[in-house]
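What Swiss-Prot records for 2-22, 44-64, 85-105, 113-133, 163-183, 188-208, 223-243, 255-275 is transmembrane segment, and it gives sequence analysis as the kind of evidence.
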Amino acid sequence: MLIIELLKAIFFGIIEGITEWLPVSSTGHLILVQEFIRLNQDKAFIEMFNIVIQLGAIIAVMLIYFERLNPFQPGKTAREVQLTWQLWLKVVIACIPSILIAVPLDNWFEAHFYFMVPIAIALIVYGIAFIWIEKRNAQQEPAVTELARMSYKTAFFIGCFQVLSIVPGTSRSGATILGAIILGTSRTVAADFTFFLAIPTMFGYSGLKAVKFLLDGHHLDFAQVLILLVASLTAFVVSLLAIRFLTDYVKKHDFTIFGKYRIVLGSLLLIYSFFKFVF
């Protein structure tokens with residue numbers, strides 16, 4: 001029944017809206033949830049669905065940060081306009097590693113890593129990394145406390161960290177936040193740049209998935225279009241809340257709790273995979 005599929009789409013949209021911005025891996029969570037709750041659709045649609053519903057999350061970022069990201073915003077001084085263009089240049093530079101590395105390798109990683117064990121391992125590894133980095137930095141002051149002070153070189157290397165998220169379970173936001181902190185930025189700068197970098201990255205990735213889906217000879221019927229729209233709209237609404245939560249959270253707390261969550265979830269997934277294999 002279509003109503004059941006739409007309820008599932010709402011549920012997946014909630015998962016996407018929450019996990020896209022928290023450093024816990026949205027794709028990993030969607031794949032995990034679909035072990036137990038699946039859309040009654042073919043594999044090609046589900047693979048495309050998992051990526052394209054990110055469009056709702058991207059639009060949420062664009063809405064929240066529209067004034068900050070718009071160089072033509074009325075009332076901006078010449079200096080503020082210059083800083084906005086510089087920010088966009090940093091974002092473009094940070095996209096280069098993904099264009100050169102992640103895009104060509106995407107299909108291979110999708111074929112070999114999109115199942116439970118690699119997701120679990122990635123969750124645990126990066127969970128440990130978050131805890132270790134936060135302990136290492138506990139007594140250190142970040143070198144970069146404003147986006148305007150971030151160098152183009154730093155932006156490029158943050159983009160290199162983003163490439164790591166090609167492995168499901170890594171988390172795009174987790175990889176870029178972790179990379180930014182390692183490179184000396186504050187948590188606030190790391191989170192902000194992650195949000196901004198998501199706009200071209202996720203638009204491009206979602207677009208590629210949609211085009212590939214169509215070029216492979218698939219088509220969308222009315223029900224599938226409705227499922228995508230409902231899931232994306234839900235992801236948009238939930239993302240508005242998740243982004244505001246994370247921006248407020250990082251002003252007062254570190255990312256240790258997310259590291260612990262990743263380790264616990266990854267461990268449970270390994271146990272589940274073991275029993276599923278044995279029994």
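Note: Cβ is positioned from N, Cα and C throughout, glycine not excepted.
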May I ask you to check whether the transmembrane segment (223-243) and the transmembrane segment (113-133) make contact, with contact taken as at least three Cβ pairs under 8 Å and only pairs 6 or more apart in sequence counted? no
Top partner of the transmembrane segment (44-64) among 2-22, 113-133, 163-183 - counted as Cβ pairs under 8 Å: 2-22
Using a Cβ cut-off under 8 Å, which residues of the same chain at least 6 positions beyond either end of the transmembrane segment (255-275) come close to it? 22-25, 32, 116-117, 119-124, 126-131, 133-134, 169, 174, 177, 181, 187
Counting only residues at least 6 beyond its ends, the same-chain positions whose CB falls under 8 A of a CB in the transmembrane segment (85-105) are 69, 71, 147-148, 150, 152, 155-156, 158-160, 162-163, 165-166, 193, 196-197, 199-201, 204, 208
